[in-house]
Amino acid sequence: MSSNTAGQVIRCKAAVAWEAGKPLVIEEVEVAPPQKMEVRLKILFTSLCHTDVYFWEAKGQTPLFPRIFGHEAGGIVESVGEGVTDLKPGDHVLPVFTGECQQCRHCKSEESNMCDLLRINTDRGVMIHDGQTRFSKDGKPIYHFVGTSTFSEYTVCHSGCVTKIDPQAPLDKVCVLSCGISTGLGATLNVAKPTKGSTVAIFGLGAVGLAAAEGARIAGASRIIGVDLNPSRFNDAKKFGVTEFVNPKDHGDKPVQQVIAEMTDGGVDRSVECTGNVNAMISAFECVHDGWGVAVLVGVPNKDDAFKTHPMNLLNERTLKGTFFGNYKPKSDIPSVVDKYMKKELELEKFITHQVPFSEINKAFDYMLKGESIRCMITMEH
């Protein structure tokens, strides 16, 4: 596939957020060519993640508008900028909100995926190379979001945030691996590492929590206990391997960690916290068994949050860990997660509960705000 648009400005449709909390507007925008170490992508499928909604609502952070949101997507490389050697036009790719420069100490460490250059930055609305946007309308800039901005038919990303995948993989399924599903799956498989036959508690049964449960199912956990305040999520969660449910509301003043300890003869082997609520974090840590229990924090807290637990909980040989994007390095590791799906070791279809055409993207926001969807697939109408 040779690109006849390379080096030129592309006019295309994008869903622009003009102000906080207001419906997105489909506009014709201009997308500039990729600069040094950048790639321009044709987006084919994108899905809505709660992080998009959070920054669109702009309740807890500095608002930056107009902006093009979106960061879970699949597409095809349209053209590449100077210096890009590992990607070419026609490659099937997933853009990722965090990156891998492959040069820094984090990228060279086998333990970390938190690239110094390209790790997530929710405040930055411009490209790293020159501090400019690649999107504009009527000569005025439209800001980027987490380096991806996939609610546009074309977008420009840093090449370190673009993962080349098996061209046989269906982009309308594997695109969910570019954020939430990998975050939960990797939190379990790469960080909690439950053994076959073990017990695992998952706090929060949204997309990330269900992906964490899927990880526990793949690992062969014998009991997967789902904890959520919304009982309507319990039925769905069974498809992801969850065997038992705890709704904290059903237990009065009894702390959920005590409820779980009583269910499991002293505590679970592993827990994964996916809500970002500090009380849930304490419960997730204190519900693991002494001697070997490991709790993993995934959910993102509010700015001023802090939690406390007695140091004896740690001295009694419990471990508390944190993780970011499931400890996956985007370029090095995500292709193998796609391969897991292709080998039928990982199920993705069950995460995709709704589908809408790009022109109806605001419906995806409605489904998520009402708590009806796990993932809503948005199909571009090129």
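Cβ atoms here come from the backbone N, Cα and C positions, even for glycine.
Per Swiss-Prot, the candidate among C175, C179, C274 that belongs to the Zn(2+) 1 site alongside C49, T51, H71 is C179.
A Cβ within 8 Å of the Cβ centre of C101, C104, C107, C115, the residues given for Zn(2+) 2, is found for these other residues of the same chain: G99, E100, Q102, Q103, R105, H106, K108, D116, L117, L118, G160. A distance of 16 Å separates the Cα atom of C179 (Zn(2+) 1 binding site) from that of L205 (NAD(+) binding site).
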